[in-house]
Amino acid sequence: MKQVETLKKLANWKKRSGPVVFVVMDGVAYGKRKEGDAVANAVMETFAELSSTCPLVKLKAHGEAVGLPSDEDMGNSEVGHNAFGAGRIFAQGAKLVNKSLQEGSMFSGNTWQEAIKTQGVLHFIGLLSDGGVHSNIKHLEAMVKQAKIDGVKVVRIHALLDGRDVPATSALEYFEPFEALLAELNADGTFDAKIASGGGRMYITMDRYNADWPMVERGWHTHVLGEGRQFSSSVEAIKTLRAETSALDQDLPPFVIAKDGKAIGTVQDGDSVILFNYRGDRALEITSAFESGNDFPHFDRIRVPKVFYAGMMEYDGDLHVPKHYLVTPPAIDRTLAEFLCALKLKQYSISETQKFGHITYFFNGNKSGKFDENLETYVEIKGDNVPFEQRPAMKCAEITDAVLEAINSKEYDFIKINYPNGDMVGHTGSYQAAVASLEAMDLNIGRLKKAIEAVGGILVVSADHGNADEMYEFKKDGTVAMENGKPKAKTSHSLNPVPFIIFDPTYQGEYDLKLKEGLGISHVAATLINLLGYEAPSDYDTSIITLK
Ligand SMILES: O=C(O)[C@H](O)COP(=O)(O)O
Ligand SMILES: [Mn+2]
Ligand SMILES: [Mn+2]
């Protein structure tokens, strides 16, 4: 790999005595309506003070500004952190898969051709919605149709309920038409495609960052071994399990579709398996359960079928996982971390388990490795495996304790932090917990601010996309949607703009205090490089500050 160039020092920059600390308030944006806006309604004294006294601008964090197909697409952590870390916009997974399907290259490629050779069953595993963050049901539909055209006889789909990137209880809007499509494709008797198993995405299969391997184990038992509560159809399963548990879709218990007491879609030797999710974080663990040999410490798989396994994308560009994939991911290069390493600047990255990979792997362009072991420190504060509304602080105090130590050690030039609060608690749909979570985070940003003041560093506060700023669903007429006498919870991200604030207590007048308007979060990296005293790479999206 070609080494990046060494950036030039800014001629008129007075080096600060402390580090530049970049805070990503995950899932915190400016809402459009006060009702259900936990960000606007929480008591956040530090955020209010920074907002009224520091340079501040709103940045775009969704749609085309982060490489998604259209401005209808909400932002998410992968594309947001990619944009922060790469300083440029890359066409993202969602867009690349669309293109590969439109141009037909997915189906002419080796991976698809190999997958359809199976004499057994072609399985698809993935998230059945049009949330567009991890997957898109349209991609699955196109692949199932193509499988029929290509002469595959038996297809089994292992479908996860979303309710996290789409409305909280919307699963039947996807499962019912999808079952109808399968029935249509099966009607001429030459093709047999069925949903074989499923469950809520936060209950089985889609764990991330080694937070909760038993989730993946439950998924393995459901999809591969065909063990679990049996139903005759996915729609019957969803209706029954909802009535019994009142769970939101993301938390629905697993189900297995069976006929005469026998699961219809266990995974067997000689089958092909395609994971149709394109985003990596929640795809890596189930992938490793399929691809690992005997050396698999996470749970007893009981039976490991010999299959041809492929992912929609390459999920880890460093470790080349999985071995086979349908679409080549964006080639994100020349990231901020790489430039800072070339300058020999010491960097510290920290978050709680759920967002640890966001501030490292996503920030570094979906690479799990470091550029330089000696210059980069990664710290993970272990999260609790509980519903997050029960521990809304999301370890923000522990994260801050560690950062204060790092600041006071005077070892680091650049520190980046992800506070998971607004996002992880935002996804639970609990408004009260989201407010509590944001207030805890704000207290801790207050602690950071004091430390920065004491050492003469710079604090930059921003966010990767919205979430906690919209905790209620709204009706078309603009009023709050109600359910059982209460506001209906919204669990997904928002499309709202995010804050960008610079707190620079030893400002030396090197830049205008008025920030540039109308930009997106891909402009943050160049700004951070300037605030460290260097010229940004010429191919980066321009800095948000105007240097004097
Ligand atoms: O994976 C998730 O939790 C959601 O689909 C998206 O949330 P994130 O992009 O903030 O991780
Ligand atoms: Mn996020
Ligand atoms: Mn999120």
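Start at 1 and count along the chain as shown; that gives each residue its number.
Just so it is clear, glycine is given a Cβ too, placed from its N, Cα and C backbone atoms.
Taken from TrEMBL, the feature active site, phosphoserine intermediate covers SER77. Using a 10 Å Cβ-Cβ cutoff, SER77 (active site, phosphoserine intermediate) registers 26 neighbours.
According to DSSP, HIS465 (Mn(2+) 2 binding site) is assigned to coil rather than to any helix or strand. Sequence-distant contacts (6 or more apart, same chain, Cβ under 8 Å) of HIS465 (Mn(2+) 2 binding site) comprise GLY27, ALA29, ALA61, HIS62, MET74, GLY75, ASN76, SER77, GLY80, ASP423, HIS493, SER494, VAL498. Under the heading Mn(2+) 2 binding site, TrEMBL lists ASP26, SER77, ASP464, HIS465.
According to TrEMBL, the substrate binding site annotation covers HIS134, ARG164, ASP165, ARG201, ARG208, ARG279, GLY280, ASP281, ARG282, LYS355. A sphere of 10 angstroms centred on the C-beta of ARG282 (substrate binding site) encloses 24 other C-beta atoms.
The annotation Mn(2+) 1 binding site is assigned in TrEMBL to ASP423, HIS427, HIS493. Classification of HIS493 (Mn(2+) 1 binding site) by DSSP places it in coil, neither helical nor stranded.
Annotated domain 'Metalloenzyme' per TrEMBL: 19-535, in sequence order.
Confidence over the domain 'BPG-independent PGAM N-terminal' (97-316), given as mean pLDDT on the 0 to 100 scale, stands at 98. The domain 'BPG-independent PGAM N-terminal' annotation in TrEMBL covers 97-316.
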Do you know which of the recorded positions ASP26, SER77, ARG282, ASP423, ASP464 end up with C-beta under 6 Å from ligand 2?
ASP26, SER77, ASP423, ASP464
Largest separation between Cα atoms (Å) of residues that the record links to substrate, namely HIS134, ARG164, ASP165, ARG201, ARG208, ARG279, GLY280, ASP281, ARG282, LYS355:
17
According to DSSP, folded down to helix, strand and coil, what is ASP423 (Mn(2+) 1 binding site)?
helix
List the residues in the vicinity of the Mn(2+) 1 site, defined as same-chain residues other than ASP423, HIS427, HIS493 with C-beta within 8 angstroms of the site's C-beta centre.
ASP26, GLY27, SER77, ARG164, GLY422, MET424, GLY426, HIS465, ASN467, ALA468, THR491, SER492
Based on a Cβ-to-ligand 1 distance below 6 Å, what subset of the recorded positions SER77, ASP165, ASP464 would you report?
SER77, ASP165
Filter the binding-site residues ASP26, HIS427, ASP464 down to the ones within 10 angstroms of ASP165 (substrate binding site), Cα to Cα, kept in sequence order.
HIS427
